[in-house]
Every structure is written in C-alpha cells, then in structure tokens.
Amino acid sequence: MDSKHSVFNVMGQEFVLQKGYEVIKGLGKGSYGVVCSAKNIEVEDNNKVAIKKITNIFSKKMLAKRALREIMLLQHFRNHKNITTLYDMDIVDPSKFNELYLYEELMQANLNSIIRSDQPLTDAHFQSFIYQILCGLKYIHSANVLHRDLKPSNLLINADCKLKICDFGLSRGISVNQGQGTEYMTEYVTTRWYRAPEVMLSFQSYSKAIDLWSVGCILAELLGRKPFFKGSNYVDQLNQIFCILGTPNENIISKIKSASAQSYIRSLPTLPKMPYSKIFPYANPDALDLLNCLLTFDPYDRISCEEALEHPYLIIWHDPNKEPVCSEQFDFGFEAIDSIEEIRQMIINEVSRFKGLTGNQKLYHSISNT
C-alpha cells in the first residue's frame, strides 16, 4: 500500500482510505458496496464523513454507468441544502481499479429508520420532511433530471430534522418527445412500493410526475408509519393501488402500451376510490388533500413540485426565495457510451476534475498513458 492510504476492514470489506482518515463504524451494505462513517484526525471541527465504497464497477456496463451517473449528478447538485454533499472522491490506483470511494456528508439517520422507530412524529415533522423533499426535488427536476428512486432509505435526516436526498445512480434525463413525456427510459426504476402506476403499466410516455408519486407514497408512510402500497409482486402492487385509488377509467387505460395489461384492468371489478380520511382519520385534512393531489393515477393530473410547494399544507414553510432552481441543465450525453473502457476513463477524468475544483487535487493519469 502506498504512503498516501491506510487500510481498514469494514463489514468484511477492505477499505483503503486517504491518509488522515480513520473508520468509526460500518453503516450499511448493499449491492452497490459498503458505507462507513469516518473522521479526519488531521481536522478538529466538522471532521466526520460518510465514505461509500462502490465495488465491482466494471463487472457490468450498467454498474459502470451507474457509478459515473452518481458522481456526475452529485457534483452537479452539490450546492443545494436538501441534496447530500460530495466532499471528495478517490481512486486508489487509476491504472487498475474496480472500485471508487465517495467521501460524503455524514447524516445521523435515514427516514426509513425513523419511521420504523418508536420516536414520536408529529404533523409538524411531516410538513418539514415533505417540504424539504419537494425543495430538493424542484431543484433536481429543474436540471431536467428525474431521480427515479425516491424512498425513505434515500432520504437522510439529522437530529435537527434537516433532510437531504441521496443516491442518484438510477436517475435519468427528461428528453421531451411528446407533451410531458420522455423519449428514453429504462425499466430499472424505483423500488416497487414507491413506483408510479404509469411506470408499472408502461404508459406511452412518462414524466417528472413519477417522482411526485413517490413523494405521495412517502407522505402516506409517514402518516401511517408503514409502507402504503406494500405489494408482494407486480400484480399485487397494482391491485393494492386499485383498492385505494379505485379502478382506472377508460381514458387512463387507453394510455397503457401493453394490450394484456389493458385487458387485465378491464377484467377487474369496478372499485370506488377510498377516502383518505377513512384510512388516516386523525390526520391533518390539508395533509390528506396534498396526498390526494400526489397519489393521482393519471400523471397529467398529478401535482407538480412547484404546485405542491404552494399547497396549504406547506404554507408554514413555503418561501419562493428559498426554493431555487438549478442554473444549468444536466448533460446525459454519456449515456450513449457503450465501451466500459471509455466509461472507466470518464470516471478517472471526473475524479481528477473534482479534486481540482475542491482543492483535493491528486494526479490521475489517463489509463492510456500508464
């Protein structure tokens, strides 16, 4: 190991950290890799970070693009208060690497763990959380980006109730083709419980509204302290949505691409919409009205971020001067790249560029020059 790095073991994974950093503890493990908390012993104040080790980046092109997408979007959204901050990135050996370290803002918990806990949550908490999600989402959408994986575990929270959106690996651009729809979108999107019906039913087009559906699912989960549409499979997920929202009308069914999906829905008994006041009898009526606007089956009728921020439920927080838009559209041109080697070089270039911008410059030679 070179003199600029130290080795630690975190949850069975070797962590090779930049000198000066010490691991505090492991925070989580998933298909992407491992996350730990660490501290910079060379700095006295504000010295704790979360370090995400993304592993097996180049085992599949999809994973390589996901890593590139994540680091590019974290840089693009770096200055927003409701989006997690990227402090540094590191590649231990650019000449032969299959992993990447992201040094990010350390938060104390995620919304999923808070919902599952015994901690009392009030309507004021719900208002604050939903407002902050929408502020971050407005900024993301204004850059022509769909997050596509909003869920409680991707919402980081501190004890002071500050909330930040994380995990942009599944995000995609909005290439407008027809009306509000998108020209390009992959199937790999959003954990099923938070997935918009137009995604599940392969509507002829879909839009920013898919993220607003996820926000509605999160609001309902806050109100009930459990997932709202907890489908065990694809069909069960749809059926749970129909039981609450009622059976879709013919106008909505006609927007579905799949003939078999259309036939399935037409074969179902006609179900009425269930009033949210019966499901959440003690909830703030304004919260239920916003929920109704978010969990609207037809995406063209679903509320937008800007409209949701102006909803009476969030009036105590709403301040247009503190709800900025992104000054620059995000460029998804790299999505067209098919070569893993080209993606590898792009990751090296992004890490080197970022270090130059943030004062953490290290020399990253092009693989072609090593």
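Cβ atoms are placed via backbone N, Cα and C, with glycine included.
The domain 'Protein kinase' annotation in Swiss-Prot covers 21-314 and rests on sequence analysis.
DSSP gives Lys29 (ATP binding site) a strand state. If you look up Swiss-Prot, you'll see Leu27, Gly28, Lys29, Gly30, Ser31, Tyr32, Gly33, Val34, Val35, Lys52 marked as ATP binding site, on the strength of sequence analysis.
Annotated active site, proton acceptor per Swiss-Prot: Asp149, in sequence order, evidence recorded as sequence analysis. Counting Cβ atoms from all protein chains shown, Asp149 (active site, proton acceptor) has 22 others lying within 10 Å of its own Cβ.
Summarising the annotation, Swiss-Prot assigns phosphothreonine to Thr186.
Per Swiss-Prot, the feature phosphotyrosine maps to Tyr188; the stated evidence is experimental evidence.
The secondary structure of Val35 (ATP binding site), as reduced to three states from DSSP, is extended strand.
Mapped onto three states, the DSSP output places Asp149 (active site, proton acceptor) in coil. Spanning the listed ATP site, residues Leu27, Gly28, Lys29, Gly30, Ser31, Tyr32, Gly33, Val34, Val35, Lys52 have a farthest Cα to Cα distance of 14 Å. Other Cβ atoms within 10 Å of the Cβ of Leu27 (ATP binding site), summed over all protein chains shown, number 18. Listed in sequence order, Gln13, Lys52, Lys53, Ile54, Thr55, Asn56, Glu99 are the same-chain residues six or more apart from Gly33 (ATP binding site) with CB atoms under 8 A from its CB.
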